[in-house]
Amino acid sequence: MEVLNCPLLSVNVRVWRFWSFVLVHNWRRYISIIPVTALNVFMFADLYRAWGNIEEVIINAYFAVLYFNAVLRTLILVYNRDKYESFLAGAASVYEEIRAINDDVITKLVSTYTKRARFLSISNLALGAFISGCFVVYPLFTGQRGLPYGMFIPGVNNFDSPQYEIFYITQLVLTFPGCCMYIPYTSFFASSTLFGLVQIKTLQHQLKTFRSSEMLNESTVVLNRKLQKLIEDHKRIIRYVQDLNDLVTYICLIEFLSFGLMLCALLFLLNIISVMAQIVIVGAYIFMILTQIFAFYWHSNEVREESMAIAQASYSGPWLNVDDTIKKKLLVMTIRAQRPLEITVGNVYPMTLEMFQSLLNASYSYFTLLRRVYN
């Protein structure tokens, strides 16, 4: 199966293909990456210009970090496109193999997770487009000239005509490719981990039922053949999670550091502003950071927990009256499954809900320290 025809992965891959980040190479790649990167440079220049005005710096830093992560994700994706394409092609092939299994439980499992992955991908794109649209039109309702994102070009006054109109329209146009550079990667991560769960739960089900009650007289050779296939599936799952970790681990590290700092800064800003409209906006920024980080950590945590549940599934299988060679293979498989499959932050810390809680605790601790120093 081609990855574009794989319903679990195709939504994000089609967006990437449209912008020629993967599968094809054309002019769309350059008209998205180069202008958005230039905009991001001017956004960081504006942070230097506004240094000292803490409210303006924190708000503009949020967008600068957001666009920086979008550019970084895309550059890594394009640079390692061969690895991503190989990973996606392999996932599509395994998806077709699992979907072809004649088992009602597995069929329902594949259908459920496919719908969930597609819903996440489509809803993320729709929500991202809506929120980006709000960012862009908000300055029109402030009663004064303002740009959606702070930017500074030396020697140019952003708010004089016609520069203001040109910059506003430019930011309006670049919001769309910026959204497509950022959001599909988050959805790709979620969809890939969901497919990892499909593989893991399929293996769990097959381990529990590899010797059916209707065929208790199956020969040792047949059972050995079935179990060997399950062992190969387990090895494939291990490689799959390791490959996914290799693709995303350093991006997770950058986001761990940048969003942790931004969460601390936004909490501090929420503490010092008094205008209700600003409080609502900053609260929305905090909510978006939390949902973004939580999506990564929750899905990674699910993969970790379910991978260890393979050991329980192996033990729960019908192994009592089988040959000792099969028991030994099941024992080895159980021991290996007790080592969790993990997606890590910079190949250092596993992405678990405990780690997510630690990030929140650290951000809040730095926020209280910053508030005390500021007061």
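Count begins at 1; order follows the chain as displayed.
Glycine is no exception: its Cβ is also placed from the backbone N, Cα and C atoms.
Annotation comment: TrEMBL describes 30-51 (among others) as transmembrane segment. Long-range Cβ contacts of the transmembrane segment (30-51) within its own chain (Cβ-Cβ under 8 Å, at least 6 residues beyond either end) map to 19, 57, 60-61, 63-64, 67-68, 70-71, 74-75, 78, 149-154, 170-171, 174, 177-178, 180-181.
Residues 16, 21-22, 29, 32-33, 36-37, 39-40, 43-44, 46-47, 50-51, 135, 149-150, 178, 181-182, 185, 250-251, 254-255, 258-259, 262, 265-266, 268-269, 282, 285 of the same chain lie 6 or more positions beyond the ends of the transmembrane segment (57-79) yet place their CB under 8 Å from a CB of it. What TrEMBL records for 57-79 (among others) is transmembrane segment.
Positions annotated as transmembrane segment by TrEMBL: 119-141 (among others).
If one looks beyond the transmembrane segment (166-185) by at least 6 residues along the same chain, the residues whose Cβ comes under 8 Å of a Cβ in the stretch are 11-12, 15-16, 18-19, 31-33, 35-36, 39, 66-67, 69-71, 73-74, 77, 121, 124-125, 128-129, 132-133, 135-136, 139, 147-149, 151, 158, 251. What TrEMBL records for 166-185 (among others) is transmembrane segment.
Sequence-remote contacts of a segment are chain residues at least 6 beyond its ends whose Cβ falls under 8 Å from one of its Cβ atoms, and for the transmembrane segment (247-269) they are 54-55, 58-59, 61-62, 65, 68-69, 72-73, 76, 80, 83-84, 87, 185, 189, 282, 285-286, 289-290, 292-293, 296, 343-348, 351, 359-360, 362-364, 366-367, 370-371, 374. Residues or ranges marked as transmembrane segment in TrEMBL: 247-269 (among others).
According to TrEMBL, the transmembrane segment annotation covers 275-298 (among others).
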